[in-house]
Amino acid sequence: MHNLKLYGLALVAALTLASPVAAQDAPQWSFAIHGGAGVIERANLSPEQDAAYRAALTRALEAGAEVLRNGGEALDAVEAAIRLMEDDPLFNAGRGAVFTGAGRNELDAAVMNGADLTAGAVAGLTTTRHPIAAARAVMEQSPHVMLIGSGADAFAASQGLEQVDPSYFFTERRWQGLVKFLTDNSLPIPERPAGAPPAGMASLEPAPPLNERKFGTVGAVALDGQGRLAAGTSTGGTTGKRWGRVGDVPVIGAGTYASNRDGCAVSATGDGEFYIRASVARDICSRIADGATGQVAAQAEVDDALSLGGSGGVIVMDAQGRPAFAMTTTGMYRGSIRADAPAEVAIYGDEQ
Ligand code: ASP
């Protein structure tokens, strides 16, 4: 009798697992990324540059999707995609980051786990190859939430994260962006950084000549098959930043936030000062918790926040795996992929 009862229970469990209702109820993983927002118009991008960005976004989407497809965690998907974009000189994060007014690359990043509201952030890194991995190590391996400067790099090194010479982050495109910014603002131009390739080598690099002061920050938001939400963001900040400036990216609740309680994950890009003042990412989650859809919450928040000044965009993931994108700029490098939908990427504001 006892055995029969057990057998019956096992049968019910097996049928439940196999039934289409149970499959429908399981959260469907979903993943979205951005590669920065700004004055991005068709006239400014050659067909080759347009194609290069779309290919880079697709690679990053696939890296995150691979994790989620295999039953992995939202956090791992976020980190995998952002690491790839940090290695890609097209983006203002890791290699390809913009320069400070003193001619350095100072990198900020943050990650947040919506499932338990843990978070980690780093600011002003100069030697850690993957700032997003450093942010995650702060979250998981330290008692703190935010580390800055040489201490943050030292902590990352102590966690076995790859360290590089600061010149690793150098790209000619971003250096020329700094020279232009400083020239336009009648500020002194620092010496070319030690270890940078000689100026004559510039033509060897892919150099989309976008006249941009900032933008190209990268971010990702994910919902995994267990229903966990996560968000991450990584950036070089803004060209010509001075005095140890830190933007919104590593400020939890400004440029990065995730909360399973509220049912949202957010990563932002744009003029960080305004995102900090308006607590943009946290506010979007509050709006969603109050019943707004991700799309309405995102657009209302960027419109409100950026009425203070500046411009930019956000990506949002809700607890049902619906990605939302909103911006006040003419474009934002972005894309999404879901368990039940293929990768889609977009650049210009008028694309779906
Ligand atoms: N939000 C970044 C910062 O202010 C820059 C960007 O997203 O373009 O540091």
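From the backbone N, Cα and C atoms, a Cβ is placed for every residue, glycine too.
Not measured: the values here are computed from a predicted model.
Annotation source TrEMBL lists signal peptide at 1-23. As annotated by TrEMBL, active site, nucleophile applies to Thr217. TrEMBL lists Arg245, Val246, Gly247, Asp248, Thr269, Gly270, Asp271, Gly272 with the feature substrate binding site.
Positions of the features from TrEMBL, shown on the structure.
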| residue | record | contacts (Cβ under 8 Å, 6+ apart) |
| --- | --- | --- |
| Thr217 | active site, nucleophile | His34, Gly35, Gly36, Phe91, Asn92, Ala93, Thr233, Ser234, Thr235, Gly236, Val249, Thr269 |
| Arg245 | substrate binding site | Thr100, Gly237, Thr238 |
| Val246 | substrate binding site | Asp108, Ala123, Gly124, Ile148, Gly237 |
| Gly247 | substrate binding site | Asp108, Thr235, Gly237, Thr238, Lys241, Gly255, Gly272, Glu273, Tyr275, Ile276 |
| Asp248 | substrate binding site | Ala254, Gly255, Ala268, Gly272, Glu273, Tyr275, Ile276, Val280 |
| Gly270 | substrate binding site | Ala37, Phe215, Val302, Leu306, Gly310, Ser311, Gly312, Gly313, Thr328, Thr329 |
- Message: Taking 10 A as the limit, how many CB atoms besides its own sit near the CB of Thr269 (substrate binding site)?
- Response: 34
- Item | Per DSSP, three-state class assigned to Thr269 (substrate binding site) | strand
- Task: Over all pairs in Arg245, Val246, Gly247, Asp248, Thr269, Gly270, Asp271, Gly272, the listed substrate binding residues, work out the largest Cα-Cα distance in Å.
- Result: 16
- Row Gly272 (substrate binding site), column other C-beta within 10 angstroms, all chains, value 28
